[in-house]
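Inspection log for the structure reproduced underneath, given as structure tokens.
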């Protein structure tokens with residue numbers, strides 16, 4: 001018995017000693033005699049990933065950053081600290097100057113980096129990383145997501161989708177709707193119509209199936225890379241495969257329709273991908289143009305669905321929340337939107353010029369994105385050693401920038417918790433401080449797409465309804481995008497009814 005007790009004590013001592021050694025070694029503050037930013041690396045393999053996720057689960061993703069800036073950067077909101085995230089040695093940077101450094105030095109000091117779960121969710125037959133895939137996709141963006149003439153084509157489509165979604169009665173009037181869920185459904189309708197010309201009312205089975213898998217994918221796409229049957233990551237990978245397989249079949253059908261003249265090359269992003277070579281005949285070694293195959297088209301359309309859906313749905317959902325909490329802002333938007341409506345004939349669809357008149361509405365939407373940005377931040381990878389604020393950022397380390405480090409910085413946005421659309425009037429906030437879409441050459445190419453969709457929706461919702469929050473203090477969870485814990489239940493009141501009640 002004494003021998004067993006002694007051996008047990010020695011085993012515990014060995015484990016504690018070994019763990020202490022690993023922690024001390026793993027948290028070494030220097031590299032080749034050069035000073036790394038202060039911080040802590042957490043435990044081997046895990047690092048501080050759990051703390052990173054837990055801050056979002058508590059609805060305060062910014063606390064992970066601000067708490068460590070307070071401890072390791074003496075409260076400097078433009079500082080930095082080292083940590084370990086997603087199994088990688090990382091440095092978290094904060095402030096507009098850091099944003100400018102990263103956004104302005106793509107391929108010079110840094111390159112884009114995605115967690116392993118992203119590479120798995122968006123596979124390429126050419127064995128490209130998610131970063132390389134993103135660069136390839138930018139070949140297609142100008143013709144469909146950036147140029148004004150392309151964007152103008154979307155507005156009537158978005159308007160028509162919005163009117164038809166309202167006609168389903170999903171928005172009320174009602175004593176209770178779960179606004180977050182209805183918003184998710186609406187924005188997926190629009191994405192399927194714009195990117196693949198799939199009409200949710202004409203082909204509800206396809207859209208519903210894609211949407212079910214899509215929600216599973218979103219729940220695990222940014223989770224820890226642990227592929228076991230019960231993990232969110234495992235379920236997300238299965239959902240990714242299901243969506244990509246479905247899109248491949250849609251692409252095969254569209255290819256036949258293009259050959260028969262039943263579809264046209266500029267119809268939507270799907271047709272454009274099928275008809276546009278990624279390598280011209282002149283640049284090809286065999287003198288033949290190279291096109292995307294169906295599998296890679298499935299991956300790229302999936303990426304568009306994620307990007308085109310999540311930003312808009314998140315912004316619209318929290319627009320409801322902040323308008324309910326700030327009725328004076330809602331009334332100012334209502335006045336502006338009624339002025340636009342007064343210029344339209346009955347049934348006439350919105351156009352580009354109409355949306356340009358919605359200036360205050362867009363200021364309010366920007367304030368929504370400041371307080372609840374759809375994207376919390378992103379990673380870069382250092383491709384060479386360089387310094388920032390006097391500290392070494394070593395080659396190969398990951399660098400994380402966060403929207404919250406500037407969006408909630410009181411030195412940039414006084415009273416940062418206050419909802420105030422006037423912050424965006426005139427010249428707006430300083431450069432590199434408002435970054436819901438990132439910045440530099442890696443700025444989200446869907447920024448204008450999201451702007452058009454959200455403004456189109458705002459026009460219809462405020463001219464038809466007022467609303468009240470049923471749970472004013474509902475908890476907000478961020479994982480990885482913000483969402484209300486109880487799906488934002490609202491009482492929807494028709495404008496005519498609200499006038500009668502008044």
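If you go along the chain as it appears here, the first residue is 1 and each next one adds 1.
Backbone N, Cα and C atoms are what each Cβ position is placed from, and that goes for glycine too.
As given in Swiss-Prot:
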- 444: heme binding site (BINDING)
- 88: N-linked glycosylation site (CARBOHYD)
- 181: N-linked glycosylation site (CARBOHYD)
- 3-23: transmembrane segment (TRANSMEM)
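Around the Cβ of residue 181 (N-linked glycosylation site), a 10 Å sphere holds 17 further Cβ atoms from the protein chains shown.
A separation of roughly 24 Å, to the nearest angstrom, links the Cα atoms of residue 181 (N-linked glycosylation site) and residue 444 (heme binding site).
Residue 88 (N-linked glycosylation site) sits 24 Å from residue 444 (heme binding site), taking the C-alpha atoms as the reference points. The number of other Cβ atoms within 10 Å of the Cβ belonging to residue 88 (N-linked glycosylation site), over all protein chains shown, comes to 18.
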